[in-house]
Amino acid sequence: MLRSLLNKKYIALSFLAISFILTTIWFKEGKMLAKAEEEIPLYNLAKTVQIAKYSWQELGMGIPNVAAKPTEPTYQLLFALSRLGASSPDIQKLLFFFIIFLSLVSTYLLATELFRKFKNVSMAAFLASIYYLINPFVAINVWYRFLYPFMFSLPLLPLSLYFFVKGINERKIYYSLFFSLALATFAYSFSSPATVLLIALPLLIYWCYEFFGNNKNYLPGYVVTTFIISFVLNYWWIKGLISLPQSSEGFTTLELSLNALRSLSKFYTLPYVLRLLSLDFFQELAWGEVYKETLYQLISWSPFVISIVTFWKYRKKQGVRIVFLWALVAVFIANGSSGFLGNLFEFLFLKLAPLQLLRNPFEKIGLLLALSYSLLFGLGLSGLSKKLKIIFLGLVLFYSYPVLNGKIFETHGVSIATEVPGHYRELDDFIDDVGSYRIIQMPLMYSDGSIMKWDNPYHGGEPSHFLYDAPTIARNIGNDNYKNLYYNYLKYIPYMEEWKLAGLFSAKYIVVNRDIDYEKLNLFSPDKYADYLNNYYAPSDEEMSVCNKITKTEAFWECDVLPSMADFRAANFVKTIFKLPGKYKVKITVIDVKNQSYSWEETINGNMTTIRLYSPIENESNIYFENVQSVRVMVNNDVILSGIYLDSGRKIQQEHIHYIKTFGNLDLYKIDDEFLTSRIYSPSSIKKVKSPQEMFTDIGNSQESKNGEMIYLVNEELDISNIAKAKLEFTKISPEEYNINVKDAKKPFIIVFNETFNKGWKLYSGGDKTGKHFLVNASVNGFLVNPENKRLTLKFQNRARMPDQ
């Protein structure tokens, strides 16, 4: 029966049947699959298209988004389907169907071209296609991790190689065009920039083998032609990747990348890499435990053994040699900094900038190893007897059962099929001014991960920017400027009028989201955040003594905590009483019963100082404030400390923030209109401070009646002696372009653009760059502008569009 299926007219039908069966099993619940960093892009495709379309994404306070450009055509097509009435689950099911089908076909074509001189090439190609779809690397890093760029790479890698190899063998230039169109069709893959290396590496190896090994002198011309056609047809997304290092400045460093490489390489040692495995494969409790059994361990080595035997048997065949070279190079890279060649890879990693995309080399390059194994495995299996062929094929299918039965789309036994509740759409339809102001969602996330307690629970990246049309602040992001503002915001939430803090973010609405599983995420409850929206806390005269004994060491004061007073959750302040006046730096450290500590510093001035506990970020350090064993105060030796107390604080009702309505599990609050801060404004006064903490303290003490009247320069050298306020009107053209009209400007003035500071933002007047660009409020963009500039354009431009940079 297997041989009859290999009749050419049945191959496509076989692959169609396999694609249909798998997608039917995977989508048996009729719901959208969602997990990991991809979040829920198919939920609101109109918003997703806007995210993919522009180089600046309004996520949080804004981030550069040039790497998302390759995804735009795919989402435009899927959005068109949704406008025709297709549901998100149906669109996703159709997308998966084509990815599976094209992966099978592409691998089959590549195998038939590489092994065209073998008698049993059709059988080898068919078996290689099947194994390529279900091998352990693809199972975990493509299907289980649920990353769309990797899914699109699945058909792109064999298809691009097929057209390149076919073009060289046939010496037909139109294959260069097909190759270029394949890159454009599956451009989504390049939203993970490391895909460029994944595709380029085997092409380079094949070209070198043919040019130097077979003396094909026409190859340089063919390759140059292919490169030119590919560059022209794909420039629309290539230009974004060229500018990625500059536009993403501040999100990572070489040191962080190297540390990530070393850390991740420990999980991909040679015995794992050779079996296309990672530790993730065994950590999924729903089905991974069984893979630790001896039988499964033995089966896991069979593709490697068959591939090695196949290479040795056919080592004189050119196609086999090339595939083996791909595998060798892939093993070297995938092994990262571990193993005996780890130091060499680290050296290359530091010296060659493109390799710095491979901080997780097994993840990024492993697909080439999986394809190489599949080709050799299929060829080797096809040469066995019918009985052995059935046995080994059965073992591989048995080993891959989580892919075949859909278990691969479960996390700890729970399906990742989910459905977004209707109250998000209701709230989104209710609010207005979605383009001018932001939403702040609480509880705020410390990182990307989120868990939603929907009827079908969601585990993955924080999804709010797909749930609401308005730009939403719901999580921390890697940029240092934004991070500083974000964490200070969290720290000061309980101790300041909330409208003052929200003004820093140009926020109009605050949503308390009770769908968030705050307990599993180790966050404060939505009730506590709702309390902060109704009240803030100031020091009181009520003291809860926690120290029955204060001791002085050489470096610091320390007090023991009475067992009955060890619960800090009711406390908002630490009061420290000093005998000598003066100004000192003081560091407070709280240590829990597990010896985990939480520390912060402040400057004290006077005999008694009240220091905030900063409780909203206590969980970042995973300290147990409900079970504290000691409090340590580090201060100058000449200070005499006479008391340490806890203070529960007194509630003061928040003004200018009002509860509006509840939508399902979403409570909506709104800031009074007269206290809103526009996305673009000109301040009337400026203050210089030395730190973000000093800025926040001053904001809390400020008696300003409205936002936007004061801005802060943190360690910025700027002459502010002759600056006045200007009246501004602006029109948002897109997330990356604004038109600004200036009125009543007679002196130099400042324009504040309340998006994360990035050097890619440029201000133009009449086509010429103008304005001095600097940091405002420790996180956002400021421009010092001369009064003669009346009509301005603010644009975000990546380097590919900036020849003057």
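Placed from the backbone N, Cα and C atoms, the Cβ positions cover glycine too.
The transmembrane segment annotation in TrEMBL covers 10-27 (among others). Residues 4, 33, 89, 92-93, 96-98, 100-101, 104-105, 108, 122, 126, 129-130, 133, 403-406, 409, 417 of the same chain sit 6 or more residues outside the transmembrane segment (10-27) yet have a Cβ under 8 Å from a Cβ within it.
The transmembrane segment annotation in TrEMBL covers 94-111 (among others). If one looks beyond the transmembrane segment (94-111) by at least 6 residues along the same chain, the residues whose Cβ comes under 8 Å of a Cβ in the stretch are 11-12, 15-16, 18-20, 22-23, 26-27, 78, 81, 86, 121, 124-126, 128-130, 132-133, 151-152, 154-159, 161-162, 165, 371, 374-375, 378-379.
Summarising the annotation, TrEMBL assigns transmembrane segment to 123-140 (among others).
Within the chain carrying the transmembrane segment (146-165), a Cβ under 8 angstroms from the stretch's Cβ atoms is held by residues 33-38, 41, 71, 74, 96, 99, 102-103, 105-107, 109-110, 113-114, 132-133, 138, 175-176, 178-179, 182-183, 186, 188-192, 195, 198-199, 202-203, 206, 226, 367-368, 371, 409, 416, all 6 or more beyond its ends. Taken from TrEMBL, the feature transmembrane segment covers 146-165 (among others).
Note on the transmembrane segment (196-212): residues 153, 156-157, 160-161, 164-165, 168, 183, 189-190, 219-220, 223, 241, 318, 321-322, 325-326, 329-330, 333, 354-355, 357-358, 364-365, 367-368 of its chain, located 6 or more positions outside it, place their CB under 8 angstroms from a CB of the stretch. As annotated by TrEMBL, transmembrane segment applies to 196-212 (among others).
What TrEMBL lists as transmembrane segment is 219-238 (among others).
Taken from TrEMBL, the feature transmembrane segment covers 294-312 (among others). Tertiary neighbourhood of the transmembrane segment (294-312): same-chain residues 131, 135-136, 274-277, 320, 323-324, 327, 372-373, 376-377, 379-381, 383, 392, 395-396, 398-399, selected by CB-CB distance under 8 Å and a gap of 6+ residues from either end.
Annotated transmembrane segment per TrEMBL: 324-345 (among others), in sequence order.
Long-range Cβ contacts of the transmembrane segment (365-384) within its own chain (Cβ-Cβ under 8 Å, at least 6 residues beyond either end) map to 107, 110-111, 114-115, 118, 120, 123-132, 135, 137-138, 141-142, 150, 153-154, 157-158, 161, 194, 197-198, 201-202, 273, 276, 303-304, 306-307, 309-311, 313-314, 320, 323-324, 326-327, 329-331, 333-334, 358, 392-393. According to TrEMBL, the feature transmembrane segment maps to 365-384 (among others).
Under the heading transmembrane segment, TrEMBL lists 391-409 (among others).
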_Selection from 123-140, 219-238, 324-345, the stretch that has most Cβ pairs under 8 A to the transmembrane segment (391-409)_ = 123-140
